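Going by Swiss-Prot, these are the annotated features:
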BINDING   19-27, 38-44, 67-71, 125-128, 155-157  GTP binding site
LIPID     C213  S-geranylgeranyl cysteine
LIPID     C214  S-geranylgeranyl cysteine
MOTIF     41-49  motif 'Effector region'
Amino acid sequence: MANRVDHEYDYLFKMVLIGDSGVGKSNILSRFTRNEFCLESKSTIGVEFATRTLQVEGKTVKAQIWDTAGQERYRAITSAYYRGAVGALLFYDITKRQTFDNVQRWLRELRDHRDSNIVIILAGNKSDLKHLRAVSEQDDQALVKKEGLSFLETSALEALNVDKAFQTILTDIYHIISKKALAAQEAAASTALPGQGTTINVSDNSANVKRGCCST
């Protein structure tokens, strides 16, 4: 989902955080949106939601971030929240091998529900616990090469690469939407009659750019 409201932000992008329960998604979200970290963070029940506004190449982008429950019993509920998402951060815990082994299951689920243009970044969380690492760097590099994903390691505790992960995915989303808007303008211009003005409306399931003085 991408909306434009002139007086608040230029674009609104919906994102989802996915991965097994306990990998640290909620702490990543609280670190990014409130710069907070809780050692006793509890597992998400259903879906949590937060926003943060930041600059992407001179544009004001509001990230609407949905933190989905990792437990299997909530899958039917949270899968509905994939709808309209243009970005996904998929997390595993570098100290728990099973969370890494489940990454491909999460990718299958995401691809079953995703928009075709969704941007996906894989993140190995809890990099502050490298002495307990259960996933080798060779394993994660092999997976990202196989799946064609961007990758980085994060730590909500140390605030390592948290902002970078979101900045990277929001920039990638912005590039995709900008290219689609430009392509639509060029297509419309090529079909316009000589001497006539052209009005361009860009709209699809993943990007809906609006102009006006309204607010949401």
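A Cβ is built for glycine as well, from the same backbone N, Cα and C atoms used for every other residue.
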Residue with minimal Cβ packing [other Cβ atoms within 10 Å] among the binding-site residues G19, V23, N27, D67: N27
Average pLDDT across the motif 'Effector region' (41-49), rounded to a whole number: 70
